[in-house]
Amino acid sequence: MSKEQARAEIEDLRRRINHHNYLYYVLDNPQITDAEYDRLIRRLIELEEKHPELIIPDSPTQRIGAAPAVEFATVEHSVPMLSLGNAFSYDELRDFDKRVRKGVRVDSLEYVCEPKYDGSAIELVYENGRLVTGSTRGDGYRGEDVTQNLKTIRTVPLRLQGEGVPARLEARGEVVLNLKDFEELNRKRLEKGEPIFANPRNAAAGSLRQLNPRITASRPLNVYIYARGHIEDHDFETHWDTMQTFRDWGLRVNLPEMRLVQGIEEAVEYCRDLEERRHSLPYEVDGAVIKVNRYEYQDALGATSKSPRWAIAFKFAAQEEETVLEEIAVNVGRTGAVTPFAILKPVRVSGVEVRRATLHNEDEIARKDIRAGDHVIVRRAGEVIPEIVKSIPEKRTGKEKIFQMPRKCPVCGSAIERTPGEVASYCTGSSCPAQQLEHIIHFASKGAMDIDGLGEMRVLQFLNEGLIQDAGDLYYLKKEQIVPLERMADKSAENLIRSIDKSRHTTLGRFLYALGIRHVGEHTAKVLAAHFGSLKNIMNASLEQIDQVREIGPVVAQSVHTFFRQPKNIELINKLLEGRIKIKREEKAEETPLQGKTFVFTGALEHFKRDEAKKLVERLGARASSSVSKQTDYVVAGAEPGSKYDTAKKLGVNIISEAEFHKMVEQYL
Ligand code: IVH
C-alpha cells in the first residue's frame, strides 16, 4: 500500500469512527456493533503504526497516549467561570423570577431548566474545530490544564463536526461518574485495600486531576455540556439554540433531560418532577438549574462578583446529614466475612430515616478515623446503602472509642481471622449459624434460586425449628412439616413448597451465584457459566483454566478453585442435585406478553435511555430492531421522531407513545 493510499484510508477511518462516536455517545443511537467498531479502531491503529508520520493529535487513537505530567499548567478562563446562587424552596424560585422580570421589564419569561450535575466543572476550548485545551474550573478565573485527561473521555469530541463550526469556541460542562461506575470503582478499590471515594463528585474530580492520563482513561467518566464561554464569529440568541447547535457540532448535551419552559410555574413543575425522578437517573444530581433563555436578557441582568443574576440553582433535599455514631457493630455475611457497620442516632437523609450505615472494613475505619461516639456525616444516594462520609473530630469529647475488630465471632464464638493480603476478616467457624442464615437467604434471593416467599424471617424460623441446616435441606421439606409453624397458614405452606419446587429448574449462572462462592457475584457467575457450560466442567477446572477466563482475576480464580475442593461444599452440591435440581445452560427471557414481539424506537425518549429501553425489551423476550418493516410490532415514538415514524405510518405498523410503552413494561421495571 502506498503512503497516499494509507493516508486516504486513515482519513476515511477517522471520519467513520468520529461519526460512530457521535451516534453512540451524543445521540445514544449506535448503528454498528461494538465488534465492528473495534475493527475500525484496530485497522486505524495498524495503519498508524505503519505510518507514524500520519498520526495527528486528534486522531481517535490518541485518547490515551500522553505521558504522565509532573504538574498541571495553569489556564486562564477568558470569561470567568462563576458559580450559581441557590434557592431552597419554590418560593425562593418565584422571588428569583420576580427579580428577573423586574430587571428586564417583562411579564413572563422563557427559562431553560436542566439537571444540576454533582460532578466537576470543566471548560473545553476548540480552535477551528479541534480540541486545544481542557481545564478545570479552579478558582473560576484560573484552572488547571487537564487536556490530556479530558481527551481520554469518550464523550469529549476531539474534533467538532458539521456546518458553521466557529474559529474558537469555549464550551463548559460537568464531568460526572455514573453511580453504578462509582460503586464498581469503590468495590475494586476496597478489594485492593485502597482508600475509597466519598461520593461520585470526589471520584470524578480525583480522576480528572490524575497526573497520569492512563488512570483517567481507566475510569468511565462522562461529560455533559451546559454552557458557553466566549465564542468567536457566531451569534446565538438563546441558550436553548446554543445547546441544540452544540449538540449538532458533536458536543454532548443532555437534551432529553432539559426543558424550555414558559414562566416560573413550569420551572417549578420541572424541579418537582426531576426531584421525584432523581434516584432513577444514572448520575447524581443535587438540584435543577433554571436559566433565562434569551442572551439579551442575560446580558442586561449581568452578574455579581460570584454568580450570574440570570440563573439560579434549585437545591434538592441534602443527601448528606450530620448525626451521632452510637456504636460500631459487626455483621457476619454468607461467606463468613465480618463487616463492621455503624449504628446511628436516627437521622432523615433525603426523605428516608437512616439508622445504620456500612463501614466496609477496619482499614477504612482507621483511614477515616471514625470512632464510636463521633459526630459523623452520613450519605445516602439512590439505592446505595448509607455510608459514613467522614467524622467531625472537632466535636469530640474524648469519650469516643477507637474500633477494634473483635477476636471472636459474636454469633458462634469461633476465631475471626484476617487473610494476609486481604482487607476483609472472616469468621473461621465452619458451621457458624450467622453464615448459614446469610447463606440460605442469599441462596433463595431473586438473582440466585429465586424462591418466592422465603425471606429472612422464614429461613430463621426453619433453622430455629431444626427443619433445615443448610440450603440443600430446603429441597427435602414437606408441606406437613411446615404447616404447624407459627404464622404459617395452609395456603402459604403450599405456596412456599411450590416456589421451592419451581426453583429446581434453574440456570448454571444462577446456581453458581446461589452457592455463595467468595468474590463471585451475579455477573461473575454468568461469565463462568458461559465459559464452562456445565457444573462438571467448572468443578473439574484447574486453577489455570479458571484464571484464563476473560474478566476473571487471580483472586476470584483462586476462590472458585478452592471452593470446589472443600468437602463440605461438594456435599452441599450433591445434596442439592439429589434434591432434583435441574440446571440448564442458558438464561431464558422471562415469560411476558412482549415475548417474540419486535420493537423499534424513534425520537427522544424522556424516561429511558435508548440503550436501556432496548435492553429492557430484550430481557422481556422481545427484539429491538433499528429499522421499521412489516414485521415490526410496535414503533415507540418519542419527541421529534425521525423517518422511522413516517415509514411506520406508511406500513400501518402500530405506533405507540412513550407513555403507552411505559405502561406495557412498568410491571417489569
Ligand atoms: S451553569 C454561571 N448548569 O454548578 C453559571 N452549572 O454553582 C454557569 N453545575 O460550577 C454554570 N450543573 O459545576 C450550570 N446544568 C448546569 C449545571 C451547573 C452543574 C455546576 C457547575 C458550577 C456550579 C455552580
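Positions of Cβ are set from backbone N, Cα and C atoms, glycine also.
Per TrEMBL, the NAD(+) site holds D34, A35, E36, Y37, D38, S83, L84, E114, E174, K291, K315; the candidate it also names there, chosen from R7, R137, R142, is R137. DSSP assigns E36 (NAD(+) binding site) to a helix. Helix, strand and coil residue tallies for the domain 'BRCT' (589-669), in that order: 30 helix, 18 strand, 33 coil [DSSP].
Here K116 (active site, N6-AMP-lysine intermediate) is compared against the binding-site residues E36, K291, C427, C432, and the shortest C-alpha distance is to K291. Spatially close to C427 (Zn(2+) binding site) yet at least six residues away along the chain are V332, G336, V338, C409, V411, C412, S414, A415, I416, A434, Q435, judged by Cβ distances under 8 angstroms. In this structure, R137 (NAD(+) binding site) belongs to neither helix nor strand by DSSP; it is coil. The shortest Cα-Cα distance between C432 (Zn(2+) binding site) and any of the binding-site residues D34, E36, R137 is the one to D34.
Here the domain 'BRCT' (589-669) has a mean pLDDT of 84 out of 100.
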